Amino acid sequence: MSLAQRDKAILWHPYTQMQTAPLPIGITRGEGALLFSEDGKTYLDAVSSWWVNIHGHAHPHIAQRVSQQLQTLEHVIFAGFTHEPAVQLAERLLRLLPSNQARVFYTDNGSTAVEVALKMVLQYWFNQGVEKTKIIAFEGSYHGDTFGAMSVSERSVFTRPFQQYLFDVEFLPVPVPGKEEQTLARLQELLQHEDIAAFIFEPLVLGTAGMVMYSPEVLNELLRLCRKQKVMTIADEVMTGFGRTGKRFAMDSLTEQPDVMCFSKGITGGTMALGVTTCTQEIYNAFLSQDKTKALFHGHSYTANPVACAASLASLDLVEAPEFLQNLERITASHAAFAQELAGKEGIKEVRQTGTILAVEFEVGETSYFHNLRDVLYNFSLENGVLLRPLGNIVYALPPYCITTEQLAQVYQTMEGMRQLIVARAF
Ligand SMILES: *Cc1c(COP(=O)(O)O)cnc(C)c1O
């Protein structure tokens, strides 16, 4: 029996209607930007396998460092104990992050990194006896699938069954080009309320919303307003971190600094699950007390797993190598050239780009996630040997940085093919 058939009998996949989903594709091996399937096909992974695989698959340097760590220390409880990979990773991360970031808290994924960020800012105020309990988030945002993370994310058909358990959040329109003043005015209005604890945001690009983009200038303004009102700010860099926006971090494009930052996805180069939440000394200090109940009561069995930390350290070696920024520049320039070629063509509503993220929004009539178009485009990309996962009528490339010029051309060709399909209404 094939992997796909054995899977079909007993497994349950994420974001998948199991009754109607086609058989999953069994992958036996990965190398660079390529995935190899059990039926002998090759797929170009143009979405870095859900945005995690920044250096490509089975990178030998990461493999070697992980293997070494496995033979040294695979895990140790992180309450009352510590280890070299956890300490070294925190030291190296803080050197790369905005200068006000001072403390590192480990978890297992992006959602838990967000949960911890929310707990940090809410308890920061609680510990000081200040009644600030409201969170502000962007409309259309996505911060994860656990309950706190769902609460600060766009409410949709996906969250409807849990609606009554999600806490109240003030949603702010995204300041996309032309809408900046509207967002700034709305934030000023919200900040009149005394009970606002924090503002959480995906910096520069809202991923799951469909790669919705806005400028660093307006984000600077928003953060300045929050700082003036002593409202904490949380930069969720789970998707944007580690090169996506063309710089190491999206926040590197800003002059303002956030109070809290969240990381996961690219942090281990797509090798191991790991989440990181960092914060300022000021936030950390609010948890220091002779009173034990003022501590941050959050932890996971696998907190700071040494193998995950080692994978992340190996990934950081690659992130800090000179070729890293060169690759970002190469992909950014390549995307820009294609974006210019595509913009204005028939069937194209908008082409958006921030660094290595390229999004093409097709002009179609009625759109929704469940619209048949999404499946048509998805299947078309797979038939062309490229893995692209459209969000409705939006298709995006978020490639591993090792992707070659020829492979990028194959991605663009596939996108152009999609455009022709839509123009011809050939589905
Ligand atoms: C993916 C994502 C998350 C959730 O991360 P998981 O590891 O999937 O739980 C949170 N925030 C942003 C911006 C993301 O893109």
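Every residue, even glycine, has its Cβ placed from backbone N, Cα and C.
Among the candidates ASP45, ASP168, ASP236, ASP252, the residue that TrEMBL annotates alongside GLY110, SER111, HIS300, SER301 as binding pyridoxal 5'-phosphate is ASP236. Candidate binding-site residues: TRP50, GLY299, HIS300, SER301, ARG389. Not one of them has a Cβ under 6 Å from ligand 1. DSSP gives ASP236 (pyridoxal 5'-phosphate binding site) a strand state. There are 28 other CB atoms within 10 A of the CB of LYS265 (substrate binding site), with all protein chains counted. Ranking the binding-site residues TRP50, TYR142, LYS265, GLY299 by the distance of their Cα atoms from the Cα of GLY110 (pyridoxal 5'-phosphate binding site) places LYS265 first.
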